[in-house]
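One structure below.
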Amino acid sequence: MSGGGNNVVNKVFYATSYHPIQAGSIDGTDVAPHDNGVRRALLCYNAGLYDPSGDSKAVGDPYCTLFVGRLSHHTTEDTLREVMSKYGRIKNLRLVRHIVTGASRGYGFVEYETEKEMLRAYEDAHHSLIDGREIIVDYNRQQLMPGWIPRRLGGGLGGRKESGQLRFGGRDRPFRAPLRPIPHEDLKKLGIQLPPEGRYMSRTQIPSPPRRKGSVSDREEEYYREKSSVEREEEFKERSSLRSYHSHRSSAHTHSSHRRRSKDREECSREESRSDRKERARGMEDRYGDNKGEVSGSKRSKRSEEDRSRKRHKHLPSHHHRRSYSQDHHSSD
């Protein structure tokens, strides 16, 4: 592949397996070692002199472990733990020290309780500051990257320009998209990973670390990470639009439900009011009916007593009549 321009320069790719010659090449297309360090690493690589499982101190789950580099030599285990615990629960932490002097070697390993916590630190802690030094964070390549050769044997990744032994393909220094034709056959003979023509990543994308096989969520996450920033933005807008649509429908449904419940309560209240009014009316009729009966009965009783009184007075002689009768009786005597 050939190309040019800024668009090509800004396109990168990352190594998924380690090869010393490729690691020494800025675009991953070298077919011969260009410095003594690469030659030494190639010798170890071909002879199988490095065994990543031979480090007795490399314990723990590699899928939950991060490499932390470029630490200050004054940074302690406590300081490293305090900073890295912001991203999750730390299960184990090891600051690598010189076997004789005990001085810090400037790097360490942090194991988290879960892969999710490790990923959070992998994404957020990279290029953060600890004791005034900008650190680098990467996955545990020692145990997870096929063919890995460490820095002390001429391999590794990254490095500083002043050292004269830069290594490419890692998170800090990815391979650039080649500006020259790719020697496909030569690379295949050496067993070197070919550049992913047409599938380069941008520098703003974060390369995904190795994940356990068989996880659907891992495949989805890798697919998402490999998308361009434009595709991710479009997908984000689409998901946001769908969430907004469903939220609007849910809100409308909730509002409609509230209105129906409110209407039902109003109708129920009206029914209860009508029922209450009828009950009160019947109660008042009953009470007034009883009072009317009592009043009517009282009136009838009074009229009956008056009638009886008149009848008695009618049958009894009057006082004047009695006196006349008495006088007449005495006169006759």
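Note: Cβ is positioned from N, Cα and C throughout, glycine not excepted.
Swiss-Prot has this to say about the protein:
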type	residues	note
DOMAIN	64-142	domain 'RRM'
REGION	154-333	region 'Disordered'
COMPBIAS	159-175	compositional bias 'Basic and acidic residues'
COMPBIAS	215-241	compositional bias 'Basic and acidic residues'
COMPBIAS	245-262	compositional bias 'Basic residues'
COMPBIAS	263-293	compositional bias 'Basic and acidic residues'
COMPBIAS	310-324	compositional bias 'Basic residues'
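Non-local neighbours of the compositional bias 'Basic and acidic residues' (159-175) in the same chain are 12-15, 18, 22-28, 35, 37, 126, 136-138, 141, 151, 195, 201, 203, 207; each lies 6+ residues outside the stretch with a CB under 8 Å from one of its CB atoms. Regional average pLDDT for the domain 'RRM' (64-142) in the model is 97.
Sorting each residue of the compositional bias 'Basic and acidic residues' (159-175) by its DSSP state yields 3 helix, 2 strand, 12 coil.
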